[in-house]
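One structure is given below, encoded as structure tokens.
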Amino acid sequence: ILLLCVSGMRAETARYSVPEEGERGSFVANIAKDLGLTGDQLLARHARLVPEGEKQYFQLNQHTGDLVVREQMDREELCGQSEPCLVRFEVLLESPLQSFRAEVRLTDINDHAPVFLNKEIVLKIPESAMPETRFLLESAHDPDVGNNSLQHYSISSNEYFHVYTQRRNDGRRYAELVLDRALDREQQAEVAFSITAADGGTPPRSGTALIRVVVLDINDNIPVFTRSLYKVSLMENSSQDTLVVVVSARDLDVGSNGEIAYSLFQNSEENLQTFEINPETGRIRLKKPLDYEEKKIYEIDVQATDGGGLSTHCKVEVQVKDVNDNAPEVIITTLTSTLSEAAPVNTVVALFNVRDRDSGDNGRTTCELTGEQPFRITPLAADAYALVTSETLDREQVEEYNVTVRARDEGSPALSASKTLLVRLLDVNDNAPTFTQAIYTMVMSENEPAGRTLGRLSATDPDAGENARVRYTLAPAPTGTLAAASFVSVDAESGTVRSLLPLDYEKVRAFEVIVHAADGGSPPLSAQAVLRVVVQDENDNAPVLLHPPPDSSAAGELMPRWAPSGYLVAKVVAVDADVGQNAWLSYELAKATEPGLFRVGLHSGEVRTARAVTERDAARQRLIVLVRDRGQPSRSATATLTVALVDDFSDAFHQPGHDPASGEQPQVAEEKMLTTYLIASLCCVSSLFLLSVLGWTTNALCKIRARAELHPPSPSCYADGDFASDGVGGTGTLSPAYRYEMCLTSGSGRSEFQLLRPILP
């Protein structure tokens with residue numbers, strides 16, 4: 001990219017000219033035409049001017065491409081006597097980045113007239129001066145240059161002198177007065193005339209002064225300098241009162257005519273402000289420090305005058321040597337103080353120039369950045385640079401940069417200067433919110449009222465402003481699944497989770513919902529987490545009896561009177577829909593006909609005899625068993641058992657109102673009874689194998705005849721339902737496999753039917 005940028009730069013410099021003191025808005029040139037671009041292209045590529053200095057004197061119209069004067073310029077103020085006077089700037093284009101160097105030459109206008117420092121010039125000339133003798137006159141000063149500067153001198157008409165205009169090495173002109181014929185003090189002691197200095201402008205400007213020539217008596221020897229030209233070099237950092245040079249002149253006369261006084265001839269006000277001479281010794285010293293950047297060469301005219309008024313002149317040429325006394329200057333021309341963190345690499349942050357007023361190696365500069373930062377310096381042209389990004393930026397890591405640009409020259413010792421630029425990064429929504437946990441687990445109690453706070457979700461976003469503002473929402477449940485999102489709500493701003501309705505632990509023990517956290521960026525970024533809500537069981541269910549059933553008034557059980565201690569009478573079975581200790585059941589005997597006769601297993605619910613049955617115990621015992629859970633508060637249920645004490649299990653069927661057909665038999669059948677029925681079954685099966693088809697037919701006929709001969713049942717035969725009143729019903733502890741139908745004749749005795757003894761546990 002850098003090679004492409006550099007290859008797009010033009011090496012040549014566009015040159016224009018404009019007169020000084022031009023009005024604001026004055027047309028200079030059409031830059032678009034010179035660059036081969038249209039006004040639309042200039043506008044699209046953000047064309048702008050980057051001045052070499054700190055002040056912008058020109059303005060670019062991006063629509064037309066016209067370069068116009070922005071601020072009135074005085075050539076003498078900007079450049080002094082230097083010629084040409086150039087104002088340099090860069091034309092910067094973007095997309096792609098290109099730079100074009102241009103310079104505008106300020107042409108001088110004749111806005112200054114020559115001025116003599118002294119309005120009256122006094123010359124003392126001896127009457128012995130020979131014709132064609134030349135006398136140096138004080139020069140006039142004109143700040144203009146070229147033809148507009150001082151061009152020639154003239155004097156008013158007189159019979160003794162004419163003027164001759166001379167030119168110095170630096171191009172400035174001075175006047176020499178030439179004697180045309182010999183003076184005679186006795187005839188005319190003083191000659192007066194005017195001198196005029198004129199420039200070459202159109203129209204020309206001029207300045208005048210009065211010359212008074214005082215004719216002196218004869219002093220036939222004039223002072224003579226040892227050298228007509230003194231050349232000396234002086235470092236610009238020389239301090240005040242530094243000795244520059246010593247000039248010396250001799251006069252062959254004696255007495256006052258041989259005494260020499262030295263003075264600086266007033267040919268430049270600047271020389272008089274910079275140098276001074278000792279009139280007796282001829283020592284020239286500095287009155288102020290020199291500055292190579294302001295002036296490099298001084299030409300001083302020194303005059304030696306003897307006591308008789310005769311004088312002579314010599315020149316002193318002072319060449320100022322450069323010293324590395326100027327540190328480089330970093331001049332920021334364009335600065336983007338805020339930069340998007342999404343700015344691509346090579347984005348221009350600032351444009352700046354580096355200027356060093358020194359010359360040679362002292363004026364050559366290099367530029368660098370201090371510290372490790374995502375920026376670099378790209379050279380655009382001589383002493384013009386661009387600060388661009390060198391890598392991608394991330395505001396979340398560094399919010400702002402203090403970029404220090406350091407410029408260093410190649411002098412000895414080297415001088416440097418720094419400029420610090422503050423670059424703030426603008427946030428871009430490049431970070432999604434992040435939950436502090438992937439799964440949030442919260443607990444709510446069963447039957448908890450709506451609106452209760454369960455907890456708080458938390459997601460953070462490292463972005464700033466609206467890009468970091470996080471809002472929470474619940475994701476809708478998939479079709480066909482539990483609508484868990486209707487159970488809780490999430491506050492969009494704070495992430496607080498609240499219940500929406502009471503829940504039943506027995507129906508919903510836990511549920512999960514997806515929570516989204518989205519920021520306020522455009523487009524918004526989001527993240528998700530799982531919210532798991534566990535319902536905590538409450539003791540809201542009482543124990544439920546399975547045996548005996550709760551709808552029966554009393555469950556009947558049979559127990560022989562000979563039952564020993566620990567005999568299993570019955571077992572109470574109950575369940576609780578709750579969990580944990582809310583479902584831990586305990587059994588206890590709440591009430592009994594004979595409290596000391598029975599006991600109930602605390603955890604098993606088994607009803608057993610606490611002692612052996614005695615003759616004094618009632619034949620019918622009523623027990624109330626309390627079933628209680630361990631919840632807070634606890635819930636309970638009761639079971640009622642009726643126990644009949646019998647001498648033998650057959651007695652139960654001889655008791656009035658006892659019906660064996662409708663009720664269930666005792667809990668356990670005797671082993672002998674089971675064996676008898678098994679033998680009978682085997683006999684029947686054997687008979688079936690022995691009988692043939694004829695046997696089956698005969699047997700069928702015999703059965704028909706046998707049934708016809710049987711007597712009808714006696715009224716004393718027990719019918720269905722007679723046993724129900726005795727409490728021996730379907731809720732007994734005997735298995736339904738031991739229920740039998742039976743019918744006895746009226747003449748049947750006790751010995752004809754016996755119940756087998758139950759198997760004791």
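Cβ coordinates come from backbone N, Cα and C, glycine included.
Feature list (source: TrEMBL):
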type	residues	note
DOMAIN	10-116	domain 'Cadherin'
DOMAIN	117-225	domain 'Cadherin'
DOMAIN	226-330	domain 'Cadherin'
DOMAIN	331-435	domain 'Cadherin'
DOMAIN	436-545	domain 'Cadherin'
DOMAIN	563-662	domain 'Cadherin'
TRANSMEM	674-697	transmembrane segment
Segment confidence, the domain 'Cadherin' (563-662), expressed as mean pLDDT: 82
Tally of DSSP helical, extended and coil residues in the domain 'Cadherin' (436-545): 7 helix, 46 strand, 57 coil
For the domain 'Cadherin' (226-330), residues assigned helix / strand / coil by DSSP: 10 helix, 48 strand, 47 coil
Counts of helix, strand and coil residues, the domain 'Cadherin' (563-662), according to DSSP: 9 helix, 43 strand, 48 coil
